[in-house]
């Protein structure tokens, strides 16, 4: 399943990020990809050795960790270190699949269950640059407002179309979920959403408490901690 997570960053935060990123050192984006991806990748990324990068990636982690909808959809166990990329002048990233495992500075290795893109450019400011994701439900084309994030299974083939006008800037990361299986994770997300909707409409009740008990028992049964 694919999820749109709105408002991860406020407009003020986005403007500040963009101001900092205009001063950043950018390097060839192929430095962080494998052999297959390097053949179709043509973009730039912020140099991860810079102090500016360290500060910005911490802010992204804090923002997603504090976003209730992100947590409910991803049920994250481990988040990768966020990276930042830039596309301009017809730069693109052809169809590829993300690696199943990635190195992690604290945990050694992590499994990539979900991929996330946090948009930092207003969609009207550039042409092209759509994230195209192929999954079992078909093809999805994504171009979200700045500050919004999209979550999708890392097992999906995906690409970024050429940016023919303007500049597309984004942050991206991977998530190892407590729930490995996409279908089980989607069911928990739907159940959680319905519980929250019922609570807001009717308040607390024995029936809602029973559903909440079911949610946590399923999470206990399926989670990998």
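Cβ atoms here come from the backbone N, Cα and C positions, even for glycine.
Regional average pLDDT for the domain 'Fe2OG dioxygenase' (78-177) in the model is 96. Residues or ranges marked as domain 'Fe2OG dioxygenase' by Swiss-Prot on the basis of sequence analysis: 78-177.
Under the heading Fe cation binding site, Swiss-Prot lists 96, 98, 158. DSSP assigns residue 98 (Fe cation binding site) to coil in the three-state reduction, placing it in neither a helix nor a strand. Other Cβ atoms within 10 Å of the Cβ of residue 98 (Fe cation binding site), summed over all protein chains shown, number 20.
Here Swiss-Prot flags 168 as 2-oxoglutarate binding site. Listed in sequence order, 86, 87, 88, 121, 126, 128, 129, 160 are the same-chain residues six or more apart from residue 168 (2-oxoglutarate binding site) with CB atoms under 8 A from its CB.
Shown in sequence order, 37, 95, 97, 115, 154, 156, 157, 159 are the same-chain residues outside 96, 98, 158 whose Cβ sits within 8 Å of the Cβ centre of the Fe cation site. The most densely surrounded of the binding-site residues 96, 158 is 158 (count of other Cβ atoms within 10 A of its Cβ). For the domain 'Fe2OG dioxygenase' (78-177), the number of residues in each DSSP class (helix H, G, I; strand E, B; coil) is 3 helix, 60 strand, 37 coil.
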